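Features as listed in TrEMBL:
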type	residues	note
COMPBIAS	1-28	compositional bias 'Basic and acidic residues'
REGION	1-42	region 'Disordered'
TRANSMEM	132-153	transmembrane segment
TRANSMEM	173-197	transmembrane segment
TRANSMEM	204-227	transmembrane segment
TRANSMEM	276-295	transmembrane segment
TRANSMEM	315-337	transmembrane segment
TRANSMEM	357-380	transmembrane segment
ACT_SITE	447	active site
TRANSMEM	457-476	transmembrane segment
TRANSMEM	488-505	transmembrane segment
């Protein structure tokens with residue numbers, strides 16, 4: 001239907017006029033009929049013109065609503081046609097008495113893609129929300145002015161130093177070169193394996209093809225799993241360059257699994273019949289770049305590319321990276337650089353966590369805006385990808401279960417489709433809590449792996465926060481918890497959680513540089529150095 005931002009602008013533009021609503025008994029009905037007691041003969045010319053304008057607005061709104069509803073139904077029909085069962089399986093029928101009480105099936109629910117804008121793009125159309133964005137831009141300006149002023153007072157010169165930025169993105173060309181074989185393996189191997197399985201042939205030849213395809217997939221998995229880790233460890237890549245490798249490693253593995261999971265079952269069922277058709281290579285290539293982890297042969301597309309919108313989002317993403325460097329350089333490095341040289345105390349630990357809550361929540365918002373909004377929207381616009389719902393209104397969440405569903409819709413769709421639903425299928429549709437626990441376990445392990453890869457050490461802060469604390473909170477703070485107090489509680493927990501992560505990871509980072517291992521051992525690698533480093 002009509003976007004919320006457009007509704008707000010329409011209400012403001014109409015001077016606060018109330019929307020039409022169905023008439024009740026005893027109330028006048030404002031439709032094609034005239035308002036009782038307000039005949040045209042008694043109206044002034046201005047009021048008559050205003051009434052005609054309102055009738056035109058009403059007609060326009062009804063036409064727009066009808067067009068959007070038609071588009072939504074057409075997209076649903078396309079999804080239904082794509083999911084049409086094979087010829088050896090009958091089409092499921094719906095009993096007539098159940099048409100008025102149809103429920104969503106607990107198993108087999110598929111992701112439906114439709115043309116829609118990102119929520120922040122809609123909200124940015126409202127002046128009040130744009131002001132909040134301007135406040136964050138003003139904060140970046142304050143950081144720049146502060147850096148220039150301090151540099152001028154201390155050094156007598158005006159110069160912005162980007163030492164932290166240059167260090168973080170060091171050896172970036174090596175990371176990009178490493179990405180090339182990772183991408184080529186993902187581009188060629190899964191599609192080739194599918195072609196071996198889908199080709200009609202004798203049973204012996206097909207069995208040989210299946211074995212060869214499995215060997216190719218095992219080699220593909222080994223390349224994606226080992227190559228980036230080897231390069232990161234062997235060449236001691238800095239954090240930002242490691243981010244490029246680990247995010248691409250996880251993304252390509254998830255996309256490979258989605259492609260095979262969506263296509264292979266239908267291919268194997270139809271192998272003995274006529275007209276087996278593998279998906280086109282162009283659709284698979286498009287899937288590898290488009291901002292979704294769920295494979296479909298076709299997606300809704302926008303009519304053209306707005307290159308100014310692409311440039312704006314890329315510039316905003318780069319601005320967020322600069323913003324993050326200023327936050328780390330001004331709010332974190334001065335506090336944690338020498339903390340490991342002081343005696344440990346509970347008071348110092350608590351104060352460091354409280355101090356890290358503000359930069360921690362800033363980093364959370366910057367990561368969300370830079371990646372989930374700017375970066376994904378830039379790629380979606382370049383590829384004319386229509387479904388821009390990469391996140392929902394997670395900031396309004398009153399429960400952690402809703403927060404986990406709305407923070408990152410792209411990853412949530414993958415976990416829901418291939419971990420939760422497949423887990424329910426394996427368990428026979430029962431044990432929903434066990435399937436949900438499996439989702440938390442997979443997500444926590446992957447998040448901890450990403451932190452371990454980027455920082456270069458194992459310190460299971462994220463694992464404990466996500467699995468030990470976040471898991472129970474998901475069941476305790478469920479969707480039945482509503483009201484402003486629960487939203488305040490959720491934000492309080494986010495502030496504290498971000499403060500714990502920033503504080504403990506920064507302490508461990510500097511402790512490993514101040515107190516390097518004299519002898520490399522397994523326990524030395526997995527034991528937090530900040531617990532014993534006091535130089």
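Using the three backbone atoms N, Cα and C, a Cβ is placed for every residue, glycine included.
No curator has checked TrEMBL annotations; they are predicted automatically.
Nonlocal intrachain contacts for the transmembrane segment (132-153), taken as residues 6+ away from its ends with a CB within less than 8 angstroms of a stretch CB, comprise 124, 159-161, 319, 322-323, 326-327, 329-330, 365. Taking all protein chains in view, 17 other C-beta atoms sit within 10 angstroms of the C-beta of residue 447 (active site). Looking at which of 173-197, 276-295, 315-337, 357-380, 457-476 has the most CB pairs under 8 Å to the transmembrane segment (488-505), the answer is the stretch 357-380. A Cβ distance under 8 Å defines the sequence-distant neighbours of the transmembrane segment (204-227), meaning residues of its chain 6+ beyond its ends; these are 178, 181-182, 185-186, 189-190, 192-194, 196-197, 249, 252-253, 256, 260, 271. Most Cβ pairs under 8 A with the transmembrane segment (315-337) among the ranges 173-197, 276-295, 357-380 are made by 357-380.
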